[in-house]
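The following features are taken from TrEMBL:
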- Gly82, Gly83, Asn84, Leu85, Arg104: substrate binding site (BINDING)
- Asp105: Mg(2+) binding site (BINDING)
Amino acid sequence: MAGLLATAELCDTNAGLLASGELRVLQPVFRAYGQRQAFSGPVMTLKVFEDNSLVREALETRGDGRVLVVDGGGSMRCGLVGGNLGLLAHNMGWAGIVVNGCIRDVDEINGYDIGVRALASHPVKSNKRGIGERHVPVHVAGTLIRDGEWLYADSDGILVSSCEISV
C-alpha cells in the first residue's frame with residue numbers, strides 16, 4: 001500500500017532503536033487476513049480470554065487509523081473476531097487488528113479493506129460476558145506492547161515502536 005513503510009527497511013534504518021528495545025519485532029507466528037497486507041498506526045490494547053465483548057466495544061468507536069491489539073491469551077478454542085467485527089472495523093476506520101488468538105469468518109474478513117493478523121481461524125464463536133481489560137500492557141508473540149505505541153505490519157512481519165518512526 002502506498003505511503004506505508006516496509007518493516008525490513010524500518011529495521012535496517014533503525015538499528016539503534018532495535019538494539020535499545022524501543023523498536024521490537026514480534027515472533028513470526030501470525031497468519032495474514034483481510035485485503036490490507038500492510039498497515040500501521042497507534043495501538044489500542046485489549047486483554048481478553050475467549051470473550052470478545054470488549055473487542056466489539058472497541059471496534060464500535062472511531063478507529064482513526066489505529067491498530068487494535070487483542071491479547072486473547074493465545075486461545076485456540078474460539079474466534080475473537082468474525083465477519084461482523086471485521087466489517088465494523090473497516091467501517092469505523094481501523095487500520096488493522098492483531099489477535100493473539102483466533103478469528104473466524106475468514107472469507108468475509110478477506111473481503112474487507114482491513115489488515116488482520118491472527119494465530120489461526122476457528123469456527124466456534126467466543127463468549128460474551130464483558131470480561132477483560134482495556135489499555136493495559138500485553139505480551140504478544142514474545143513482545144510487550146503498550147497502549148499508544150506504534151505498530152507496523154507487512155508481509156515480512158510486525159514491528160512495535162515506543163513512538164512513530166520513519167526511515
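Glycine too: its Cβ is placed from the backbone N, Cα and C atoms.
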Output field, substrate shell: CB within 8 Å of site CB centroid, site Gly82, Gly83, Asn84, Leu85, Arg104 dropped: Gly79, Val81, Gly86, Leu87, Ile103, Asp105, Glu108, Ile109
Gly83 (substrate binding site) to Asp105 (Mg(2+) binding site) - Cα separation in whole Å: 5
Those residues of the chain, 6+ apart, with a Cβ under 8 Å from that of the residue listed as 'Mg(2+) binding site': Gly79, Gly82, Gly83, Asn84, Gly86
Cβ atoms near Arg104 (substrate binding site) (within 10 Å, other residues, all chains): 21
Diameter of the substrate binding set by C-alpha atoms, the set being Gly82, Gly83, Asn84, Leu85, Arg104, in angstrom: 10
Residue, out of the binding-site residues Gly82, Gly83, whose Cβ gathers the largest set of other Cβ atoms within 10 Å: Gly82
Protein Cβ atoms within 10 Å of Leu85 (substrate binding site), excluding its own: 26
